[in-house]
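A quick write-up on the structure given underneath.
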Amino acid sequence: MSLPLPALLVSPLQVSLDLAGISVFALSGALVAVRKKLDVVGVLVLALVTGLGGGMLRDLLIGAVPPATLQDWRYLLVPMLAGLVVFRFHPRIARIEPYINVSDALGLGLFCVTGSAKAMQYGLGPVPSALMGVLTGIGGGILRDLLAGRTPIVLRQEVYALPALAGALVVVVPWELGLYRPWVAIAAAGVCIALRLLAIRFRWEMPHAGSLRG
Amino acid sequence: MSLPLPALLVSPLQVSLDLAGISVFALSGALVAVRKKLDVVGVLVLALVTGLGGGMLRDLLIGAVPPATLQDWRYLLVPMLAGLVVFRFHPRIARIEPYINVSDALGLGLFCVTGSAKAMQYGLGPVPSALMGVLTGIGGGILRDLLAGRTPIVLRQEVYALPALAGALVVVVPWELGLYRPWVAIAAAGVCIALRLLAIRFRWEMPHAGSLRG
Amino acid sequence: MSLPLPALLVSPLQVSLDLAGISVFALSGALVAVRKKLDVVGVLVLALVTGLGGGMLRDLLIGAVPPATLQDWRYLLVPMLAGLVVFRFHPRIARIEPYINVSDALGLGLFCVTGSAKAMQYGLGPVPSALMGVLTGIGGGILRDLLAGRTPIVLRQEVYALPALAGALVVVVPWELGLYRPWVAIAAAGVCIALRLLAIRFRWEMPHAGSLRG
């Protein structure tokens with residue numbers, strides 16, 4: 001990547017994609033908050049945390065502070081608007097939840113790619129960078145579930161981290177080999193999205209170790 | 001603000017106010033720990049986390065590391081003393097809990113003001129700075145509830161974040177307009193404290209979205 | 001300490017000890033995940049978080065970013081391998097759990113010493129540095145329990161934080177007096193390990209405040 005960091009951060013396409021991913025994640029966070037009977041503050045906080053939490057954790061860990069999402073008010077406004085929309089229209093939003101799950105796969109694909117690429121830009125090696133890509137994708141949902149008082153769904157049921165890992169690997173391996181190009185990013189997001197959609201479609205589940213007592 | 005940052009940080013009045021706010025928050029954290037039957041370590045950890053957690057999260061996010069509260073041993077000693085007092089004398093402390101709730105409003109007013117002002121000093125915009133003010137006020141209580149194994153009360157019941165947001169807005173809007181003066185800080189804290197006390201007095205509740213199934 | 005930081009970080013003995021401590025902590029995290037019926041992702045995440053979480057929290061707070069454990073792929077590989085071993089062979093691993101608990105005491109002794117020494121190196125005072133030593137020892141287990149959906153065991157039952165505090169104090173007091181030598185580190189780890197093993201052997205428990213209602 002020969003682009004200086006600031007140029008990358010302000011690319012209008014990148015910002016638009018980021019905001020799209022954040023808003024879909026925020027919708028899922030707000031829906032969980034409504035289901036858990038939280039009040040309007042809870043809905044807004046879960047929308048913010050689900051939309052921004054993964055990227056913030058990544059930025060804290062790679063040393064990109066203040067996190068990008070605290071340097072641009074749009075990154076805060078979009079998830080709060082998503083939260084207010086869910087708070088007001090939740091029965092209608094709940095009816096389109098299958099579509100939200102599909103859009104969520106797009107957000108996951110985007111986040112695992114931008115997350116691992118940003119970690120590589122900040123000088124981390126390929127293995128930690130892949131982990132940062134996964135964290136960007138699943139961190140918000142983990143914080144959402146902790147705040148909502150349930151065991152994080154990504155740790156016990158859903159095939160969600162694996163597609164993110166696959167996408168992140170498609171970023172970091174070519175990057176390490178000096179072969180990273182824009183189309184690689186698109187391919188990486190595509191791999192993640194396809195795996196996630198297949199997992200939803202065919203109700204894949206990750207294996208369990210079974211009971212220790214059994 | 002023409003004062004350099006170090007001067008601000010070491011102002012004796014500021015430190016005294018900070019310590020007062022931290023100790024009240026720490027008392028509430030220790031009481032929750034006693035009620036949840038945690039041991040003396042749990043009481044001390046919850047006192048520390050409730051008193052210092054919000055400011056630490058803010059400092060991590062705005063890039064003020066190490067957090068101010070790790071650079072002065074008094075910031076650690078005060079909440080630990082508060083924890084030990086509650087551990088030893090909790091039945092008496094529990095009897096004065098209504099007064100603790102009132103004092104807690106003073107801590108909230110102080111924290112939302114210092115939190116949003118510090119974020120502005122570190123170059124964040126007004127919207128993120130207001131959010132940092134709210135985080136400084138509610139972050140410790142959220143961490144306390146997570147560690148104690150309950151859904152954070154600020155997300156489901158209490159009118160607590162809204163007064164903090166009001167106080168933070170009274171800081172960041174004048175600051176952005178170049179009109180920030182010391183009396184503005186006092187007015188901002190007053191707005192937050194008044195709203196919080198009214199919320200306690202009249203048992204205000206934030207609206208809920210109702211059941212998604214209903 | 002006249003050694004420059006990078007030399008300290010790459011000392012082969014230090015890295016080997018770190019990896020040993022991390023792997024024991026990771027085993028305990030993975031066992032909790034299996035018991036809580038998490039899937040393979042949950043087992044891996046809890047192995048990583050338990051092994052690396054305490055040190056990462058410390059590094060974030062003292063400003064050592066990216067954390068050391070994100071700058072060397074071995075720090076990620078070792079806990080993931082530990083997680084996979086538990087996932088595959090958990091009945092056998094569960095049978096040797098008493099030995100894991102003993103090894104865990106070694107990890108605790110190591111972490112409280114390296115954690116408090118690193119904080120002193122980064123310029124924190126002795127009281128915050130001792131706290132960072134305790135955090136390095138107990139932080140991973142706290143995150144593990146939060147993610148597994150249970151109240152952190154260190155806050156309610158086990159004598160675990162106190163040995164870490166004792167070890168950390170044996171580091172920071174001589175350091176502050178200019179008397180820190182390598183054998184002091186060994187003595188500090190020994191104090192922590194001995195206390196922890198005594199606590200396991202004699203089933204020590206930390207005092208509780210009793211019920212507030214009682």
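Cβ atoms here come from the backbone N, Cα and C positions, even for glycine.
TrEMBL annotations:
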type	residues	note
TRANSMEM	B:12-34	transmembrane segment
DOMAIN	B:17-90	domain 'Glycine transporter'
TRANSMEM	B:41-61	transmembrane segment
TRANSMEM	B:73-90	transmembrane segment
DOMAIN	B:102-173	domain 'Glycine transporter'
TRANSMEM	B:159-177	transmembrane segment
TRANSMEM	B:183-204	transmembrane segment
Tertiary contacts of the transmembrane segment (B:12-34), as residues 6+ beyond its ends and Cβ separation under 8 Å: 42-52, 54, 69, 72, 74-75, 78-79, 81-83, 85-87, 90, 93-94, 97, 100, 103-104, 106-108, 110-111, 114, 140-141, 144-145, 148
Tertiary contacts of the transmembrane segment (B:183-204) (same chain, 6+ residues out, Cβ under 8 Å): 101-102, 105-106, 108-110, 112-113, 117, 137, 158-160, 162-164, 166-168, 170-171, 174-175
Residue counts (helix, strand, coil, in that order) that DSSP gives for the domain 'Glycine transporter' (B:102-173): 59 helix, 0 strand, 13 coil
Mean per-residue pLDDT computed across the domain 'Glycine transporter' (B:17-90): 95
Residue distribution over DSSP helix, strand and coil in the domain 'Glycine transporter' (B:17-90): 63 helix, 1 strand, 10 coil
